[in-house]
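One structure below.
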Amino acid sequence: MGRFGAVSYRQVKQSEADTIEIDSLKNGDIEKYNEENDKISRIPLAQLSINKINGIKSSVIEELSLKRPSYFMATKMIKSLLPYYWKKNPFKFRIILCVSIIFFSKLINLSVPLIFKNIINTLPEKVEWHLLILYGVLFLIQKSIWDIRDLLFQDVNDSATKQINLETFDHLHRLSLSYHLNKRTGSLIKIVERGTSSVVQLLSLLLFNIFPTLVELFTVSTFLLFSYGAEFAFINLTSCVVYIAFTLYVTERRTKHRRLANKKENEASDIKVDSLMNFETIKYFTAESYERKRYDFALMDFFQTNKKSKVSYFLLNFGQSSIIVIGTTLGLGLATWRASQNGFTLGDVIAINTFIAQMFSPLSWLGSSYRMILTAFTDMENLFELLDTQPEVSDSPNAKELNFNDTNNPSKTILPSIEFRNISFTYPNKNKEQQQSSPKILDNISFTVPAGKSIALVGSTGGGKSTIFRLLCRFYDVDQGEILINGENIKDVTQTSLRSIIGVVPQETVLFNDTVAYNIGFGNREANDDQLIDASRRAQILSFIESSPDGFRTVVGERGLRLSGGEKQRVSIARALLKDPPILILDEASSSLDTFTERKIQQAINEVSKGRTTLVIAHRLSTIIHCDEILVLKGGHIVERGSHSYLLDFNGDYAHLWNQQQLSASDLQYTPNQDTFE
């Protein structure tokens with residue numbers, strides 16, 4: 001069950017999607033959809049980007065999906081927001097005080113025109129100075145009371161904003177790796193930013209715009225009915241009802257333009273973020289003009305879509321203004337005619353005109369508020385879908401912490417052993433039929449890493465080496481079999497305790513846009529300076545850090561762009577050393593290092609691997625000859641296993657690969673039309 005109730009957003013959207021699909025098939029729109037898919041197939045592969053694919057998708061299907069918002073979901077959203085506001089006594093008191101201010105302000109709104117009426121009616125015989133002073137005081141309160149209300153409510157809003165942001169942030173980190181691999185960072189950021197601001201905006205609009213307007217409509221109409229007659233109450237009510245109905249009708253129909261504009265803006269943002277994140281690659285291929293054209297096309301698409309939204313906005317405002325003018329003119333005309341018949345005083349005419357004009361003032365905000373509410377609903381849909389998404393990998397209800405303490409001596413830690421038992425795995429696919437027909441990445445493999453020993457995995461790219469590490473860290477759950485650490489299935493322990501004992505040096509190191517010290521210290525945030533320096537020295541990165549003008553305060557740039565590949569790799573090694581984990585994973589830990597530095601790093605790795613359970617992925621076989629056992633993976637199977645010397649004597653795939661790598665550079669000969677060196 002999702003956070004926002006028993007009926008999840010995903011279930012509602014699925015129901016809507018099913019309806020859309022049936023409608024589209026009935027209308028023959030699927031033929032147009034297929035025609036536009038044919039357009040995609042005719043694009044040269046080198047120019048086929050995801051943005052072009054999305055741009056050619058059938059507009060018919062898109063518009064069907066944007067036809068109407070779900071009021072059922074809107075109700076659930078409002079209920080879901082209440083706990084963020086109605087939670088602590090100080091905040092409850094402030095909300096009650098703000099609502100009291102609303103009723104007080106409506107009494108003032110009724111009093112001001114009546115006082116002004118009495119001032120006018122006493123002229124020119126005399127001037128009621130006490131009424132003038134009272135009018136000025138009430139008018140000042142009328143203008144400033146909303147600022148007082150906003151000031152009182154600010155802390156409530158800030159608290160709700162903070163809580164929603166933190167919950168969204170935590171939820172993003174709880175989601176599985178596969179979710180993030182299938183999402184674009186730019187779109188996620190936009191979803192969170194727009195959705196979070198809309199969540200906070202929605203309740204404020206309902207509480208301080210819609211509710212006060214309805215209260216004022218009731219009080220003004222009631223007063224006009226008993227003080228001036230049913231015709232004035234009728235004009236006021238009819239004008240307001242027509243205004244509200246027109247606003248609701250037009251605004252609902254312009255919502256689809258807003259949704260489509262959001263989608264196009266997300267696509268433009270994705271292109272911009274991807275382009276900046278691949279800054280260096282763009283420079284290598286002198287692709288600045290091409291990227292500019294891509295971004296220009298996306299912006300043009302967004303502005304064309306947004307223009308439709310702006311036109312519909314103009315039509316809405318024009319219609320609202322027309323209704324206001326007609327209602328005000330009718331009320332003023334009737335009051336003037338009554339005055340000409342000696343039925344009303346001049347003060348009555350001014351009071352009636354003021355009441356009607358004063359009523360339309362919040363009504364003008366009602367239209368804006370309703371548009372903003374629908375906009376907030378539109379922006380919140382993606383956020384709530386995100387929050388309703390459940391991670392593919394989650395802790396079981398009875399999950400326990402991994403414990404390596406010796407039962408006989410609790411202060412002593414037992415080194416962990418690792419066992420992969422009959423493991424089969426295929427990466428998840430939304431299309432279940434495609435997943436079932438996809439080849440298995442791992443097919444019924446079994447092996448054991450004894451406590452304190454090291455095992456290396458070698459083989460061709462795509463053979464399943466990195467998949468084994470991802471399964472061990474439980475980024476995915478296996479399709480078949482079980483992974484055991486000290487005899488415990490990793491599905492029965494918490495993910496946090498599992499990953500806390502594993503240190504990883506990935507093949508492609510991604511660093512935070514922060515200092516070198518922060519990135520190394522990420523391995524152990526409680527480490528002191530001496531420990532951090534020692535880890536840097538053992539990773540052969542200390543001399544580089546000390547030679548930099550800012551030392552450990554050197555900022556590495558976005559994703560570590562200011563560092564070379566070898567420097568990033570050594571920072572990653574230092575981070576793993578600082579964590580001091582009982583299980584160490586080295587995924588091509590020396591892949592970005594020169595031969596001289598590689599030898600130094602290898603010595604450090606050999607040293608730090610002692611007393612740990614270690615798994616190593618390597619293409620350079622010279623780095624794994626010290627491992628206790630080497631597994632050769634091919635097609636998801638273990639085809640060879642044994643020590644370095646045993647596998648050389650076996651003279652199989654490992655020996656062939658070893659002999660190739662031992663050839664001197666002068667002996668390497670590239671054969672055309674082949675993908676390997678011979």
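Positions of Cβ are set from backbone N, Cα and C atoms, glycine also.
Quantities reported herein were computed from a predicted structural model and do not represent experimental measurements.
Database features, via Swiss-Prot:
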BINDING   TYR427, GLY459, SER460, THR461, GLY462, GLY463, GLY464, LYS465, SER466, THR467, ILE468, PHE469, ARG470  ATP binding site
DOMAIN    95-375  domain 'ABC transmembrane type-1'
DOMAIN    418-660  domain 'ABC transporter'
TRANSMEM  95-115  transmembrane segment
TRANSMEM  128-148  transmembrane segment
TRANSMEM  206-226  transmembrane segment
TRANSMEM  230-250  transmembrane segment
TRANSMEM  314-334  transmembrane segment
TRANSMEM  346-366  transmembrane segment
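Feature map: annotations from Swiss-Prot on the structure.
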residue	record	DSSP class
TYR427	ATP binding site	coil
SER460	ATP binding site	coil
SER466	ATP binding site	helix
In this predicted model, what is the average pLDDT of the domain 'ABC transporter' (418-660)?
86
How about long-range neighbours of the transmembrane segment (346-366): same chain, 6 or more residues beyond its ends, C-beta under 8 Å?
109, 112-114, 116-121, 209-210, 212-213, 216-217, 220, 223-224, 228, 232, 235-236, 239-240, 243-244, 247, 320, 324, 327-328, 331-332, 335-336, 338-339
Let me check the 10 A CB neighbour count of SER460 (ATP binding site). How many other CB atoms are there?
13
Rounded to a whole number, what is the top Cα to Cα distance in Å among the residues the record ties to ATP, namely TYR427, GLY459, SER460, THR461, GLY462, GLY463, GLY464, LYS465, SER466, THR467, ILE468, PHE469, ARG470?
19
Looking at the binding-site residues GLY462, GLY464, which one has the fewest other Cβ atoms within 10 Å of its own Cβ?
GLY462
Just going by other Cβ atoms within 10 Å, which of the binding-site residues TYR427, SER466, ARG470 has the emptiest spot?
TYR427
ILE468 (ATP binding site) CB neighbourhood, other CB atoms within 10 A:
26
